2 protein chains.
Amino acid sequence: METKKRTEIAALGQFGLIDRLTHGFSPKNPSTLRGVGDDAAVIAPPAGEELLCSTDSFFEGVDFDLTYFPLKHLGYKVVTAGVSDILAMNARPSQIVLSLGVSAKLPVEALDDLYEGVRFACDELGVDLAGGDTRASMTGLAVTVTTLGHAPKERIVYRSGARLHDLICITGNLGAAFMGLRLLEREKRVLSDVTNPEPQFKGYEYLLEKYLKPRPRTDILDALAEEGIVPTAMIDLTDGLAGDLMQLCKASSCGARIYLERIPIAQQTSALCEEMHADPVVAALNGGEDYELLFTVPLSMQEQVMRLGLVDVIGHITPDPTGCFLVTPDGQEIALKAQGFPEK
Amino acid sequence: METKKRTEIAALGQFGLIDRLTHGFSPKNPSTLRGVGDDAAVIAPPAGEELLCSTDSFFEGVDFDLTYFPLKHLGYKVVTAGVSDILAMNARPSQIVLSLGVSAKLPVEALDDLYEGVRFACDELGVDLAGGDTRASMTGLAVTVTTLGHAPKERIVYRSGARLHDLICITGNLGAAFMGLRLLEREKRVLSDVTNPEPQFKGYEYLLEKYLKPRPRTDILDALAEEGIVPTAMIDLTDGLAGDLMQLCKASSCGARIYLERIPIAQQTSALCEEMHADPVVAALNGGEDYELLFTVPLSMQEQVMRLGLVDVIGHITPDPTGCFLVTPDGQEIALKAQGFPEK
């Protein structure tokens, strides 16, 4: 087994630690006037564009388990989560600001790994790390990412713009991240007493990647722009299709009908569901963390949307009092329910 | 004793909780195009101005102890912390975005209190709550505040602009918040076995207020603008005078000499230090959480700065290799040391 160097955080001090972690992050976007190293980052959104800002937190023991979540992937994933929120407004992500709570049990090398993942994601997605805060935490690791982006006002898409008969479109497939998590938890449980555990992931690599290293759908932003499509409403899929669709409908004062057989589910998701006696549709509806996009377009845009080649139309918008329903192949209508607040 | 209603977070669900907490926060700044309730906030900085963004986290058990920290005050204090960072850039704060990690042990009413403090601070300071994220946390309460502000480019002040012979100015007085914390901890210790504890705070109300409900120095921003002063460098005092001055000097590639007898210390700070056999200068140098501002101005501006009536000049900038020193009344020079990263 590889023995890694272990440097205690206390050996560097808070300022030394921040210097080490943020070393080599130099701003690449012209809108980043000042990045890491002052009381605040200074940003100049492109002339005539508005600025977007969102925030997401990840807590150890709730949002990730360090037994099987490599810190490098966690660094990548928090950037994905932030970027995905900005994409969901049909805007371009440009900066992130990272806030860490770290317990002394983590060595500096672990935080190096986290930052390596952050750096990799920033480079790949063209965003700058523009600042942050690193503090002690009594308990587990806590990561909050604030993401900034920009867009011309007329291209910004809210949750509230869906209209009657609009088509409900989603990118990618759903439930894969959730099944990746279930697989990791199963192997952890099974191997908890084993000295040199060798978890069995063969055939499910895609599910692990969707959970541990999801990619935000920047390609959709480009494709929509190219086709000249501005969705009427959009949200990113993080809480499961059911909860997120209900959020969009609530903001738009409308209802929705989606069709069970149209919900895209990856082959590996179905296979693992069968193995674990789970329902893939439940994984899609309530699993969450897909980081795909759900958006609505007017019925008249059906052809244009299909031309994207990246999207499935899974249903349509109904009048307000109807509520949100899943229609089964035999015509049954099941009212959707949002997942509850996790109790710990 | 008052019996408060206790509603479990799980009874509302995540979306219900967010709705309840953010209810009634409507944007007041014209730059807030869209606040709470979408994937991201939408901000339009005033034409010709740059946008500033900073982030701060507070963790239960490290940054606050809920035994004696009322949640209403905590809500106020996190806004102060965020706003203070923006002021330290000589900019106007305009929006905050709040990210909460909450454990199920807190009832909804506790979070109502937290948000009441946030609302009070937002109203007082003229900033909008423009978004947020609320998630479960396995352990304690975690609050991250992201603050946005704006300023014309030529008025933004960085840490890096201090020049040789510049005067080092600070607002208010130092060490009071730290002694407020020590007082609260003493009473908690003393009264840990008592059934109806009645802590003794008489005569030290100012210290408690500086720790529990500090006000950011928005008045300084106005005063500097009115006098036409743009500091050469600025930082807010959150880690203690020593650490923060060293940060500013490092960013400006310079040294500093400050004079012990010029460090402003409030009467209550001195009195409690005497009672607890503590050194008020150590409280000022290393205590932190003062939320005062430290800034530098050219020597030629001494008169103008004194006219503000809000500031003490405590020393001056020296050449780089000199380092940062505290000069005692008998002429001794003591090298300053930054406080270490707290080990937990």
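Every residue number used here counts from 1 along the chain in the order it is shown.
The backbone N, Cα and C atoms fix where each Cβ goes, glycine too.
Keep in mind it's a predicted model, so treat the numbers as computed, not measured.
B:Ser54 (Mg(2+) 4 binding site): 31 other CB atoms within 10 A of its CB, across all protein chains. Secondary structure at B:Ser54 (Mg(2+) 4 binding site), as computed by DSSP, is strand. Annotation comment: TrEMBL describes B:Asp39, B:Ser54, B:Asp85 as Mg(2+) 4 binding site.
Taking Cβ-Cβ distances under 8 Å and a sequence separation of 6 or more, B:Asp39 (Mg(2+) 4 binding site) has no neighbours in its chain. B:Asp39 (Mg(2+) 4 binding site) falls within neither a helix nor a strand when secondary structure is assigned with DSSP, and so counts as coil. Feature annotation from TrEMBL assigns Mg(2+) 3 binding site to B:Asp39, B:Asp85, B:Asp236.
The Mg(2+) 1 binding site annotation in TrEMBL covers B:Thr55, B:Asp56, B:Asp133. Around the Cβ of B:Asp133 (Mg(2+) 1 binding site), the number of neighbouring Cβ atoms within 10 Å comes to 20.
Taken from TrEMBL, the feature Mg(2+) 2 binding site covers B:Asp56, B:Asp85. Around the Cβ of B:Asp56 (Mg(2+) 1 binding site), the number of neighbouring Cβ atoms within 10 Å comes to 22.
A C-beta separation below 8 Å, combined with a sequence spacing of at least six in one chain, links B:Glu289 (substrate binding site) to B:Ala177, B:Phe178, B:Leu181, B:Tyr211, B:Pro214, B:Thr238. Look at TrEMBL and you will find B:Asp63, B:Glu289, B:Phe341 tagged as substrate binding site.
The DSSP secondary structure for B:Thr238 (ATP binding site) is coil. The Cβ of B:Thr238 (ATP binding site) has 20 other Cβ atoms within 10 Å, all protein chains considered. Residues or ranges marked as ATP binding site in TrEMBL: B:Tyr115, B:Gly132, B:Asp133, B:Arg159, B:Thr238.
Among the features that TrEMBL reports, Mg(2+) 5 binding site is placed at B:Asp239. Other Cβ atoms within 10 Å of the Cβ of B:Asp239 (Mg(2+) 5 binding site) number 21 in total over all chains.
As annotated by TrEMBL, domain 'PurM-like N-terminal' applies to B:37-150.
Taken as a whole, the domain 'PurM-like C-terminal' (B:212-298) shows an average pLDDT of 96 in this prediction. As annotated by TrEMBL, domain 'PurM-like C-terminal' applies to B:212-298.
Neighbours of B:Asp236 (Mg(2+) 3 binding site) among the binding-site residues B:Ser54, B:Thr55, B:Asp63, B:Gly132, B:Asp133, defined as a Cα within 10 Å of its Cα, are absent: none qualifies. If you take the Cα of B:Asp63 (substrate binding site) and the Cα of B:Ser54 (Mg(2+) 4 binding site), they are about 18 angstrom apart, rounded to a whole number. Those binding-site residues from the list B:Thr55, B:Asp85, B:Asp133, B:Thr238 that have a Cβ under 8 Å from chain A Cβ atoms: B:Thr55, B:Asp85, B:Asp133.
Among the binding-site residues B:Asp85, B:Tyr115, B:Gly132, B:Arg159, B:Asp239, the ones whose Cα is located within 10 Å of the Cα of B:Thr55 (Mg(2+) 1 binding site) are B:Asp85. Listed in sequence order, B:Ile18, B:Thr22, B:Val36, B:Val97, B:Leu98, B:Ser99, B:Leu100 are the same-chain residues at least 6 apart in sequence whose CB falls under 8 Å from the CB of B:Gly132 (ATP binding site). For the pair B:Asp56 (Mg(2+) 1 binding site) and B:Asp85 (Mg(2+) 4 binding site), the Cα-Cα distance reads 9 Å. Contacts of B:Arg159 (ATP binding site) defined by a Cβ separation under 8 A and a same-chain sequence distance of 6+ are given as B:Ala233, B:Met234, B:Ile235, B:Gln247, B:Leu248, B:Ala251, B:Ser252, in order along the sequence.
Of all the binding-site residues in the list B:Ser54, B:Asp85, B:Tyr115, B:Asp133, the shortest Cα-Cα distance to B:Asp239 (Mg(2+) 5 binding site) is found for B:Asp85. The closest partner of B:Asp133 (Mg(2+) 1 binding site) among the binding-site residues, by CA position, is B:Tyr115; the full candidate set was B:Ser54, B:Asp85, B:Tyr115.
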